[in-house]
Amino acid sequence: MASAGTEHYSIGLRRGNSFKQRHPSGTVSASPSEKPSEVKVWSQAHQQVKPIWKLEKKHVGTLSAGLGTSFLGVPSQPAYFLCPSTLCSSGTTAVIAGHSNPCYLQSLPNLFSNTLLYRRTNVRQKPYQQLESFCLRSSPSEKRSFSLPQKGLPVSVTANKATSSTVFPMAQPMATSPTDPYLSLAAAGENPSRKSLASAISGKIASPLSYKPMLNNNSFMRPNSTKVPLSQATDGLKPVSSPKIQPVSWHHSGGTGDCVPQPGDHKVPQNIATVLDDVTAPITPSIPSTLNISTASVTSSQCSQSNFRMEAHPCGLDENPDSQSATKEVHFTEAVRKLAEKGLEKMPRQGYQFEQACFVNPSFQWGLLNRSRRWKPLMGQRFPQEDIGLDSAILPGTSDTLGLDSTVFCTKRISIHLLASHVHGLNPSPACGSAVDPQVLGEDRAPVPPSSLQPLGVAEVATRLSSVHLDQPGKEPEEAKDLNSCTKGGGSATDLQPNQVEPEDTEDELGDGLEDSCSHDENEEEEGDSECSSLSVVSPSESVALISRNCVDLMSKSLPNHEKVVRPALIYSLFPNVTPTIYFGTRDERVEKLPWEQRRLLRWKMSTVTPNIVKQTIGRSHFKISKRNDDWLGCWGHHMKSPGFRSIREHQKLNHFPGSFQIGRKDRLWRNLSRMQSRFGKKEFSFFPQSFILPQDSKLLRKAWESSSRQKWIVKPPASARGIGIQVIHKWSQLPKRRPLLVQRYLHKPYLISGSKFDLRIYVYVTSYDPLRIYLFSDGLVRFASCKYSPSMKSLSNKFMHLTNYSVNKKNTEYQANADETACQGHKWALKALWNYLSQKGINSDAIWEKIKDVVVKTIISSEPYVTNLLKLYVRRPYSCHELFGFDIMLDENLKPWVLEVNISPSLHSNSPLDISIKGQMIRDLLNLAGFVLPNMEDIISSSSSPSSSSGSSTSLPSSPRDKCQMTPEHFTAQKMKKAYYLTQKIPDQDFYASVLDVLTPDDVRVLVEMEDEFSRRGQFERIFPSRISSRYLRFFEQPRYFNILTTQWEQKYHGNKLKGVDLLRNWCYKGFHTGIVSDSAPLWSLPTSLMTTSKGDGTPNSASKSRKKSASEGTTLSSEDRSTPKSKKSQAGLSPISRKTLSSRSNENTSKQSKRSTPGLPVLKYSGQSSRLSAASASQSVTDSRLTAVSS
């Protein structure tokens, strides 16, 4: 990277000028030039001003101390270097302003004849930011020395007829995130005469590989699809070519600060220049209607030994027609690209805002962009500061609550034609007053009320920057009429109650290291076109049109905010006294906000692999990002080692199960399925091609290889994804040696459509392993190979023919995308489109779907013993785990489904309307199905204060809900006896298992309530286990599970009449039975009477169960289904003599306890930090009644 004369240039400050310092009270006092202190101030400042490319923090401290305490209150933001233009008069005033205590410099000396002032602080803000709209942001910054980019154009600020100052953001590209390219853009160029300054913007923007593209439906994501008209101004900007800047070096001239151009290798940075002209001052929160933007550039003719001149020349749209054709694409400089690739450390977030000045810096512009954020007066508001003790007042409309680092881009590489619009100010006077208005800064000025503030929206200003078409300035597209549909619909993550500041400062918009590249655990498989990996295959020439077509078109169809359907923030249970769950909406829905005490609990833990589509969905439900480990509710991230699950609290959910790699790794999957084949026969488990794991099975593979000489084999790394390392071979010599591999028989006769092979991506969601609950999403993806299939051995090396992975075939020039989810075209279809296609061919697609369900259930069951044991060992509560699997299934010529592999992290990358439609709906339904619950605040505190569970203990962790149940010892013992009784029968039959529903325990009711509530939230998911036919799968479990027996029998009994089953459970929940509140009317399960009285073994388990069922049903069926309150004698009709004796002996001492439990008062339901007593006539009850019809469907 070229330097700029670092060793030969110094800066000095001329005496005779003075500072205006702002006191903590907010007033501005002028320091006359005749004051003796003025000499001392300038003398100290002169000693401390150093070359701007070598400045360090220590220089700033001394300079700040010399200039007064006003400098110490400026928070860290992108640094600006201010110096006056040569056009400046003695009245020139420059402003360095941040969030607090701006410094005003009056009567600065000429530009290069004396000074260039640099100011930098190390205070870092942690702004609250909206989650839904972000994609890219720098990680928490670290300090590093300045590096100068190769090219840059200086930014000049000129106040018309009044003031002039110059701002050089020379270090800004390095000091801020690489995601701030918009903020470093401005207009620069030259006219045909080369004597005045041009008015076009040109440059380059790059997207470092560590950043990921994002789908977002705000207008930043629509640079090509939206055409925003210029405002009703008569003059504006013209695009012209960039100026040619002669190389110079700045030579040290005896400490005077004079700049002498010298020939050499050092080049003046071509920074982008922007001049604001005719701006009303001071800048108020009202929307100005005019901003005349012109440009300033540096040319060789303006360089001299004593002065380096800069001139500003406003240029209108009608002045130079030849210049309009010279617009160029904007790209990053090579220096920035190299820095991004090397992964250099990032500077702290820095920046200054201009309060009441003519120049609006990018940080202030970005603050104005946030329409979704409520604009509040921040006068006197305190901000956390790390290194200073001064808290300063902030004027309304000047607070950059979002910061520069939250710039949003949906791009692999974006080319932008940028034009700043020309807007008229509300102030009728065209003149711009002094850059500093003492009346505005005076302490007697009242803050502007929020109602009078009208900041520009994020979409509105962003579109003006990125989407203006010069050739059609007068057209107003329909898309531009509603530019903030995403940001408003998603809600703001920073909306607070009036006059309330959020107490937590430990959250951030992105988790640690979100920008890092995807990593893979040795025991996991990160599959698909991940958000991180997609950058590597994009050519630099891809433009906005491609990005807009691939990932924005569908998002732009989102309804305007006022047309969106308003949804409640919580989904109420079908049952009384059951905690509601959080609702996740679609992009056409607007989710209501919870009260502050509940909304403050909505925290999400971000990961480097959290898909953008998940971020958008949780953002619409007003989640924020937390860096703490104890307050977040959900996380979508990497799989981790099983002992790591100990750290998950009882109120938290992670999108993985421990041990799920048993089917996620290809070698483990084969081991488990081959074990099932040996136990139950190949007829039941013949849906996975025969495989061999090398090097262990090398001898078996050699034997199979020799027996079928014409067989094709496919070689796969056991833990790879996206088609990496896969090859098709037919010779033994082609087999890779000395590394783990899975060698699998190749399905050489696949079912073809239009001559091409294809596979199905099926989305399988497991909410629980014990009891096992499996859901299948009704839609999916059909992925075609981009070359027609040929069985010839000569074509085995053609991956476009034999592999169907999208990440492989998208590199083929013949690959055709499909934007229509209903069309059978291109190389990617919707699964429902395939079923329609096959139905038109006379094929029974329902039969294929049923076969797919069968293989999915069997595959999940093959991993069940491992996962269940690890859950009991390392997970505190079953609630804490859930997982989405991606099954890759291929149909052979007989339409038999074959499982190729299972992905534990299926790709959710959405680069087409088809992906957005299917995956977006699937994620929304999945999160609703997961049942996120707002915890009690005391539960969070207790879990965080409890000793760490990551110790070496190997004992099972407790399950919170069960431990909190307050049951009598009799019911607790009876519950255990019932589970043991149904698990110890060696030859169970259907009648025996059916008796499990005769007497329900509190645990039974709780599990069944969870299952029915979950089913009512299923959306487009279909539950395939338990189901009415799932009893046939019970024999495949390595060990019988009591709750699997219970849920299967429940489905068999009530699948045709769900309302009856739900009504039965509602009756128990009304009494609080599922929470352990047991009244005297509740039946108590006991061993069958025949089993207790038969001591000689003449009774069988089956006969005993039948006799027990006959006796027990008399008391329990009536009490549950008829909703009557049975007598205590009747409730004991089915009990054994021992149980009756036990109950009678303790009846006296339990009378008082039972009377308290049976009081008519309803139990208190606690959730989200508040307590509410439910009643039968509550509002949630009406919601429950309206959803009962959905349960029966």
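Just so it is clear, glycine is given a Cβ too, placed from its N, Cα and C backbone atoms.
Residues or ranges marked as region 'Disordered' in Swiss-Prot: 1-37 (among others).
As annotated by Swiss-Prot, compositional bias 'Polar residues' applies to 24-34 (among others).
According to Swiss-Prot, the region 'Disordered' annotation covers 468-535 (among others).
What Swiss-Prot records for 472-482 is compositional bias 'Basic and acidic residues'.
Under the heading compositional bias 'Acidic residues', Swiss-Prot lists 502-515.
Among the features that Swiss-Prot reports, domain 'TTL' is placed at 599-942.
Cβ neighbours within 10 Å of S686 (phosphoserine), excluding its own Cβ and spanning all shown chains: 14. Mapped onto three states, the DSSP output places S686 (phosphoserine) in coil. Among the features that Swiss-Prot reports, phosphoserine is placed at S686.
Here Swiss-Prot flags K716, R722, G723, Q744, R745, Y746, L747, K757, F758, D759, T804, N805 as ATP binding site, drawing on similarity to another entry. According to DSSP, R722 (protein binding site) is assigned to coil rather than to any helix or strand. Around R722 (protein binding site), a 10 Å sphere centred on its CB holds 20 further CB atoms from the protein chains shown.
Per Swiss-Prot, the feature protein binding site maps to R722; the stated evidence is similarity to another entry.
Summarising the annotation, Swiss-Prot assigns L-glutamate binding site to R783, Y806, S807, K828, K919.
As annotated by Swiss-Prot, Mg(2+) 1 binding site applies to D888, E901, with the evidence given as similarity to another entry. The Cβ of D888 (Mg(2+) 1 binding site) lies under 8 Å from the Cβ of D759, L760, R761, I762, V899, L900, E901, V902, N903, each of which sits 6+ residues away along the same chain.
Taken from Swiss-Prot, the feature Mg(2+) 2 binding site covers E901, N903, and the record attributes it to similarity to another entry. When secondary structure is read from DSSP and collapsed to three states, N903 (Mg(2+) 2 binding site) falls in the strand class.
Residues or ranges marked as compositional bias 'Low complexity' by Swiss-Prot: 943-960 (among others).
Marked as region 'Disordered' by Swiss-Prot: 943-966 (among others).
What Swiss-Prot lists as region 'Disordered' is 1092-1193 (among others).
Annotated compositional bias 'Polar residues' per Swiss-Prot: 1092-1102 (among others), in sequence order.
Residue pairs drawn from R783, Y806, S807, K828, K919, the listed L-glutamate binders, are separated by up to 17 Å at the Cα level.
Cα-Cα distances to Y806 (L-glutamate binding site) place R722 within 10 Å, out of the recorded positions S686, K716, R722, R745, L747.
Note: L747 (ATP binding site) has non-local neighbours P689, M890, D892, W898, i.e. same-chain residues 6+ apart with C-beta under 8 A of its own C-beta. Counting only the Cα atoms, the space from F758 (ATP binding site) to S686 (phosphoserine) is about 20 angstrom.
According to DSSP, K716 (ATP binding site) is assigned to a strand segment. Considering only the recorded positions S686, K716, R722, R745, S807 (L-glutamate binding site) has R722 as its nearest partner by CA-CA distance. Around the Cβ of K919 (L-glutamate binding site), 25 further Cβ atoms fall within 10 Å across all displayed protein chains.
Residue pair R745 (ATP binding site) / S686 (phosphoserine) shows a Cα separation of 13 Å.
Look at the Cβ of each of the binding-site residues K716, R783, K828 and count the other Cβ atoms within 10 Å; the largest number goes with K828. Long-range C-beta contacts of T804 (ATP binding site), restricted to its own chain and to partners at least six residues apart, with a cutoff below 8 Å, comprise K757, F758, D759, R783, F784, A785, M890.
Mapped onto three states, the DSSP output places K919 (L-glutamate binding site) in helix.
A coil conformation is recorded for T804 (ATP binding site) in the three-state DSSP classification, outside any helix or strand.
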